[in-house]
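*Asks:* Pasting the relevant annotations from Swiss-Prot:
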type     : residues                                                                        : note
BINDING  : 179, 184-186, 201, 209, 212, 215, 429-432, 499-500, 510, 514, 560, 563, 572-581 : substrate binding site
BINDING  : 237, 239, 268, 269, 392                                                         : Ca(2+) binding site
SITE     : 179                                                                             : site 'Critical for catalysis'
SITE     : 186                                                                             : site 'Critical for catalysis'
SITE     : 560                                                                             : site 'Critical for catalysis'
SITE     : 578                                                                             : site 'Critical for catalysis'
TOPO_DOM : 1-11                                                                            : topological domain 'Cytoplasmic'
TOPO_DOM : 29-617                                                                          : topological domain 'Lumenal'
TRANSMEM : 12-28                                                                           : transmembrane segment
């Protein structure tokens, strides 16, 4: 210092010391300010601190700040996440009093019955969403966007589809392109003999349910109109110069036979095979890893089978799906799944969804629901044929919607009874107060959706077998429930077509509207003369719908049926998926009927999905 003083005059030395002191004071104040407003990282994004609070925080004593920082970051790491966030700074004059708002736990007494824990922020009280969700029947979840959490709340869980206006009998059926009937857990499998779903909804034994079969057909019909054409890989046509097919790679073990032969009935060559059941069978390498809809033309001369080997996601294990010439529904043993496809002693086409067949087999159970499974096929490895018979046109494709549609249409033609209906061969108990429906009952919803399916099959093929079947299907509409029909009369005035023809009548809304859509499809397709009866039934039904629609409006949602009126019990409120079905149906009807009531109800019922309610007095 003496050396420095000797070399620098006192005025310069004083300036240097003053600058040094000023820098020290500024740095000291900055450190104090930073610590005073320090908050846990996971809470800092939620704090809103205004300029006055920041200023108060900067003036907090350093000892107190150090104590708080040390306590929050070191002493209680678990509590740090649970503690309510503190909003605002500290007031030095108030003995450490927190400025602004803070969360604090508060008891919440619910309806004078029980207490739950909530949180209070000033005058605002927050209840746990786990309680809110159940109490108000609402929905919410935490989702991530760009690394940040966000809570999304919704009043309902079901969506309304945009109506393709106007509706036509040869077009997409409502929003059925989004239906996947075969993957439902109440579908036991797709029958190998019939090619349609077998339901277990009301009985684990399985039964054919006309509504489900019609929906299966209508969904695939609609998908065919809305999806791009499928990719098809041809593996065998038995033609030597077929440029579209893959190179033939058949393996014929000793004792087996395979050859291309002419089939005069088909005017083409086919593959003849002879392979004893005890042999490995003749096999064709496939190796497809993209598509899983297999199709082949088949004719057996003896008992036999066609099997498909699949490499799966289950540790790359091989599973084999066997299509056997018997009537067994489905069986599963170890890694082998069996579907009976019937004798097949005349030429027929077998089309199977290997994904569905694999998963239904692995998930097979003795209960009403198929067991959930994650297994999926990764590769279609090879096809194996045993017995004596013929094969042709072996393909694998992305989809085969029209095959599924015509399987449903053909089933409806084959299984319609002499009264024009499709009897449902399972007992149905709708609820307390209603008599059980014994096996053999008809459903107006089944009749309507079957008609919609058959009309489309007729419009595609111009085959009158489909139109005639649809025309006969109007007969149950004319008979009362107690006469083994589907008609009910509300207040001795309004004709109604019952989804469930119960005693007393139930007046289910969605099933009634489906029955009307079927009648509309038929009257528009059959013409003035043939469609006369369908037109009369449709017009009477539409009059009833317009008169009775207000009975299904609760002011905040819709009602499934009128059991509260018929039985004098609590109303049967429609779940949100049924509520949106009501809206989708009314949207469709609004494109074929100009009555303003349909658009008015659509608008109001849509608003209920967002929490709107009718005005009170």
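Cβ coordinates come from backbone N, Cα and C, glycine included.
What's the neighbourhood like for these features in this structure?
*Replies:* Taking Cβ-Cβ distances under 8 Å and a sequence separation of 6 or more, the neighbours of residue 578 (substrate binding site) in its chain are 510, 558, 560. Look at residue 578 (substrate binding site): DSSP puts it in a helix.
Counting only residues at least six positions away in the same chain, the Cβ atoms of 237, 238, 239, 262, 392 sit under 8 Å from the Cβ of residue 268 (Ca(2+) binding site).
Mapped onto three states, the DSSP output places residue 179 (substrate binding site) in coil.
Cβ neighbour count for residue 186 (site 'Critical for catalysis'): 16 (other Cβ atoms within 10 Å of its Cβ, all protein chains included). According to DSSP, residue 186 (site 'Critical for catalysis') is assigned to coil rather than to any helix or strand.
Following the DSSP three-state reduction, the secondary structure of residue 560 (substrate binding site) is coil.
Note on the topological domain 'Cytoplasmic' (1-11): its mean pLDDT in the predicted model is 57.
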*Asks:* Could you tally the C-beta atoms, other than its own, that fall within 10 angstroms of the C-beta of residue 269 (Ca(2+) binding site)?
*Replies:* 17
*Asks:* Work through the binding-site residues one by one (239, 392, 499) and point out the residue whose CB has the fewest other CB atoms within 10 angstroms.
*Replies:* 239
*Asks:* What is the interatomic distance between the Cα atoms of residue 269 (Ca(2+) binding site) and residue 574 (substrate binding site), given in whole Å?
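*Replies:* That separation, Cα to Cα, works out to 57 Å.
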*Asks:* Given the binding-site residues 179, 201, 429, 499, 574, which one's Cα is the least distant from that of residue 186 (site 'Critical for catalysis')?
*Replies:* 201
*Asks:* Same chain only, sequence gap of 6 or more: which residues have a CB within under 8 Å of the CB of residue 574 (substrate binding site)?
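*Replies:* Correct list: 509, 552, 557, 558, 559, 560, 582.
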*Asks:* I'd like the Cβ neighbour count for residue 179 (substrate binding site), meaning other Cβ atoms within 10 Å of its Cβ, all protein chains included.
*Replies:* 18
*Asks:* Within 10 Å of the Cβ of residue 560 (substrate binding site), how many other Cβ atoms are there?
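*Replies:* Its Cβ has 20 other Cβ atoms within 10 Å.
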*Asks:* Just to be sure I understand the packing, how many Cβ atoms besides its own are within 10 Å of the Cβ of residue 237 (Ca(2+) binding site)?
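*Replies:* Residue 237 (Ca(2+) binding site) is surrounded by 21 other Cβ atoms within 10 Å.
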